[in-house]
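Asker: Before I ask anything, let me first share the structure, which is written out below as structure tokens.
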Amino acid sequence: MENRSLVTIAEHSREKILYMLEMAKQFEKNPNRRLLEGKVVATLFFEPSTRTRLSFETAANRLGARVIGFSDPKATSSSKGETLKDTIMMVSNYADVIVMRHYLEGAARYASEVAPVPIVNAGDGANQHPSQTMLDLYSIYKTQGTLENLNIYLVGDLKYGRTVHSLLMAMRHFNPTFHFIAPEELKMPEEYKIYCKEHNIKYVEHTDFNEEVIKDADILYMTRVQRERFTDLMEYERVKNVYILKAKMLENTRSNLRILHPLPRVNEIAYDVDDSPKAYYFQQAQNGLYARQAILCDVLGITLQDIL
């Protein structure tokens, strides 16, 4: 049987991405469709989450599915030493699809290989976050009217930021120019720069973050420095406040510029930016509902024709 899991966005073709965005668009028109009546969605969060977990659960509820799962692994048998394989096999007895976030890179891939039901990767360590990428792509498409030939500036934690890794891979189909803005300690890992070269993705690296650097951006994708990924807290203290976006920095930017952030923010976007028409991060989070409805339907075999 075909495995319909969503482990990485790299497995999606250009056509598949555009198809998924069209599904999300239909759900934005009407999110209350009982397409998953009688289905059970399990949300297994081995790492903290607010937006991802709640938007997946809301997506499932609005589609008529029931939701089971946990948001704190300490309250489960994994705290007693149960293996990931056993947890996945056990939950597969109860659910039609498993949405999983895990602190280990590769955990979602492993789960998809042992589970008899589809796995949706809701983040695996610093590796991938494909459902976030789907809502990011939808947000970019909605605000720019296209995914083609855009200048996309990725700012902050590019080393541990799984959202920027996934976005980079997804955009390979659309001829972007990336600008990687990060301190030395958090720059884009070599493997992703090699990926860019292999797929003819243009990129420029910066360590400065100022008005001049960002003036040609179509998308400014801010990220927080992730304290939980650091083994050396002194290193975290050195870089945590390195880039802060302030409203005055936007004065000479393009009129079509939109600021995205996977959230939560800490202090990398000043609150005075919230009032700018270029700030889009809260609407971006709302788009997560529609993108995740599309993902749940797709992995469960529901097509665009079923919802038109």
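Using N, Cα and C of the backbone, Cβ positions are placed for all residues, glycine too.
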Asker: Pick the one from Arg14, Arg101, Arg172, Arg238 that Swiss-Prot also lists for the carbamoyl phosphate site with Arg51, Thr52, His129, Gln132, Leu263, Pro264.
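Answerer: Within the candidate list, Swiss-Prot flags Arg101.
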Asker: How many other Cβ atoms are found within 10 Å of the Cβ atom of Gln132 (carbamoyl phosphate binding site), counting all protein chains shown?
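Answerer: Neighbour count, Cβ to Cβ under the 10 Å cut-off: 27.
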Asker: Starting from the carbamoyl phosphate site formed by Arg51, Thr52, Arg101, His129, Gln132, Leu263, Pro264, give every other residue of that chain whose CB sits within 8 Å of the mean position of their CB atoms, in sequence order.
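Answerer: In sequence order, the nearby non-listed residues are Ser49, Thr50, Ala122, Gly123, Thr163, Pro262, Gly288.
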Asker: Taking the Cβ of His129 (carbamoyl phosphate binding site) as the centre, count every other Cβ atom within 10 Å, in any protein chain shown.
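Answerer: There are 27 such Cβ atoms around His129 (carbamoyl phosphate binding site).
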Asker: Return the member of Thr52, His129, Gln132 nearest to Arg162 (L-aspartate binding site) in space, with distance defined Cα to Cα and candidates limited to these binding-site residues.
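Answerer: When the Cα distances are compared, His129 comes out closest.
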